[in-house]
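As written in TrEMBL, here are the features:
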DOMAIN    8-396  domain 'Catalase core'
ACT_SITE  HIS58  active site
ACT_SITE  ASN131  active site
BINDING   TYR341  heme binding site
Amino acid sequence: MTNAPLYTLAEGRPVADPASAQHFGGQGIKGLVLLQDTQLIETLAHFSRERIPERVVHASAVGAFGEFEVTHDVTDITSAAFLSKIGKKSKCLLRVSTVGPEAGGADTVRDVRGWGMKIYTEEGNQDFVFNDIPVFFIRDPIKFPSVNRSHKRHPRTHLGDWSMFWDFHNTNQEGIHALMILFSDRGTPASIRNINSYSGHTYKLVKDDGSFKYVKFHFKTNQGIKNLTRSEATKLAGENPDAHLQDLHDSIEHGDFPSWTLYVQVMDPADAETYRWNIFDMTKVWPQKDYPLRPVGKLTLNENPSNYFRDIEQAAFSPSNMVPGIAPSADPMLQARMFAYPDAARYRLGVNYQTLPPNAAKSPVYSPYQRDGAMVFGSNYGGDPNYVRSTQKEVAFRKTATIAKGNPHEKWVGEVSDFSSEVTDEDFVQARDLWKVLGRQEGQQENLVGNVAATLSQAVPEVQKETFAMFRRVDEELGRKIEAAT
């Protein structure tokens, strides 16, 4: 007797030999294969279709499962069930990726790292779609495709193009703070275990009565920040392009489980109306001297995926996935991403992507007004009404408020209007402060200058000139050094 599984074709038919094919002509090598050979046709046809469209950005990633545990009481600012008491644990999935490279790209390239996290709660999935830098390159969502295109391949040569990269940022200088972080050694982290993660966006933490606070989220690594120099990152990209993938997999496999502490910065809505910076501007941080970090919980990764394609490649994350107790702010970039991310998943994985294993909620789901489409699993809600307000079947609805009625602050947020922000001197203040911080860290100013110059030297002269001018707006010395190094 054996417990070995019996090999079958996809629809369950057992076959004797998976390496054989039927052909006309006897046992010799000569002969004709037959269209009646279901095993051969099925095998070849599936092979041609085993790839799905890769993500336009964030295609190359590492991932693992873990748990999130509440360590501090935050019930004074949110009614989210998964945050309701100290010690409460929720299963989660984390996918960390580079942005520009295609699938299989080197892990150590200079790039932002995207942080896609799904927490499986009793009220549905809570997604955190963050970055490993606290600010972003743009604050106007119409520029989102352009900033990503400028960081990828040239449409004619299909090569990376630093003229294209720097030309975009020269003409959209609101991203100078993010650029300076990217071109410091923070742009080449030593491993996924050694990065922080930030919401960038402003969110709301909401209570059942509709009252709320504005927050920014921070995941701080408990392993400590560790980065690579440009030369170290380049060397490692050649020797082991999957360095981050291997590092995370091996650490979990050996029982060395990495962890992060979640903090929030909390702002009263009234403060937003008079704060120095627009709190809906993704290119700005809230200095911690103004809004200190408040601890919330701990994320621990403790389980490698059992199958990468199923668990990580098919995973889909969106800022729009929020449980009651967490809500979006008026941040225009956040509002746009809440559409763009699930729209990308519907294209890449199909309209029913939420039923795939990594995306399926662990809590009960009853959504009869979204049904049919490709790849329906389960009952498809049987004969239940597929239209709203039916009298044929009673349906219960959540009754608690999301926003308190008559909140004067919501009137302050403003009317709907066409808007594009302009770059002012305020956009360079925090970048200037970072330059001073780097000056207190041995060699870091020089590394930033060298890292920028290494790429800028490959750009055309007109682009170089404008880049020098942009960095001079941060600090005259910084601009001169970059020009000299270039």
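Residue 1 is the first one shown; counting continues down the chain.
Placed from the backbone N, Cα and C atoms, the Cβ positions cover glycine too.
The two recorded residues ASN131 (active site) and HIS58 (active site) have their Cα atoms spaced 11 Å from each other. With respect to their backbone Cα atoms, HIS58 (active site) and the residue listed as 'heme binding site' stand 12 Å from each other. Its Cβ placed at the centre, TYR341 (heme binding site) has 19 other Cβ atoms within 10 Å. A 10 Å cutoff on Cβ-Cβ distances gives HIS58 (active site) a total of 24 other Cβ atoms nearby, all chains included.
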